[in-house]
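Engineer: One structure follows; several queries about it will come next.
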Amino acid sequence: MSFILTFWMIFLMDSIIVLISFSIFLSVWICALIIATVLTVTKINNIYCTWDFISSKFIDTYWFVLGMMFILCLLLRLCLLLYFSCINFVSFDLCKVIGFQWYWVYFLFGETTIFSNLILESDYLIGDLRILQCNHVLTLLSLVIYKLWVSAVDVIHSFTISSLGIKVDCIPGRCNEIILFATNNATLYGQCSELCGVLHGFMPIVINFI
């Protein structure tokens, strides 16, 4: 429930920011059009005008306030996005990911332990993706919010799944946390994207959402 409310709040905030930005953009062009029209009519009709556009305090104040309002709107959106990105949503379950040289270990539901290694060349089947197939796949439920704790034991790794927009470093002695959520059933592939040794390119990640 909190995830849905947060999603709609961010969506509404983005819509408001876009509307405000468009309104300010439109107002600036309307003001520029009015000023250009006034100057053109004044020049054509030879009307003597004493307006001082160079040192007008009113115009300086107007543009300063307009710019500050625009910047404050952008800062408000940024602060809200940073705040909601750090909130611990109500998650279904916890999944721990530990990086080793050169394989992954997943801990699910507090008891299940999955060792995920690259399969041997002789075990490939027709249609398998080379260097992206594991002997054990991490199976999760779609439309369910998961909290992932990511760490490493020996060297720095990087848990990366481009399809989900996930890239988090696995640092020994440090636990990084990310939220994982998928809307469709799919099998997603990833790899370690941090140079972690000789077999760095042989640490595939496979997550199957059902």
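Glycine too: its Cβ is placed from the backbone N, Cα and C atoms.
Dumping what Swiss-Prot says about this protein:
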type	residues	note
TOPO_DOM	1-15	topological domain 'Mitochondrial intermembrane'
TRANSMEM	16-36	transmembrane segment
TOPO_DOM	37-63	topological domain 'Mitochondrial matrix'
TRANSMEM	64-84	transmembrane segment
TOPO_DOM	85-210	topological domain 'Mitochondrial intermembrane'
BINDING	H157, C192, C196, M203	Cu cation A1 binding site
BINDING	C192, E194, C196, H200	Cu cation A2 binding site
BINDING	E194	Mg(2+) binding site
Engineer: Hey, does DSSP put M203 (Cu cation A1 binding site) in a helix, a strand, or just coil?
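Structural biologist: For M203 (Cu cation A1 binding site) - judged by DSSP and reduced to three states - the answer is coil.
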Engineer: So which one is it: of the binding-site residues H157, H200, which has the fewest other Cβ atoms within 10 Å?
Structural biologist: H200
Engineer: As a test of the contact definition, list every same-chain residue at least 6 positions from C192 (Cu cation A1 binding site) whose Cβ is closer than 8 Å to its Cβ.
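Structural biologist: Expected: G99, W102, H157, S158, F159, T160, H200, M203, I205.
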Engineer: Could you say which of the binding-site residues C196, M203 has its Cβ with the most other Cβ atoms inside 10 Å?
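Structural biologist: The most densely surrounded of these binding-site residues is M203.
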Engineer: Within 10 Å of the Cβ of E194 (Cu cation A2 binding site), how many other Cβ atoms can you find? Include all protein chains, please.
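Structural biologist: I count 19 other Cβ atoms within 10 Å of it.
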Engineer: Would you list, in sequence order, the residues of this chain other than H157, C192, C196, M203 that have their CB within 8 A of the centroid of the site's CB atoms, where the site is the one recorded for Cu cation A1?
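Structural biologist: Surrounding the site, in chain order, are G99, Q101, W102, V155, S158, C170, Q191, S193, E194, G197, H200.
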Engineer: Which residues, same chain and not among C192, E194, C196, H200, have a CB within 8 angstroms of the centroid of the CB atoms at the recorded Cu cation A2 site?
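Structural biologist: Same chain, not in C192, E194, C196, H200, Cβ within 8 Å: G99, W102, V155, I156, H157, S158, S193, L195, G197, M203.
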Engineer: Sort H157 (Cu cation A1 binding site) into helix, strand or coil using the DSSP assignment.
Structural biologist: strand
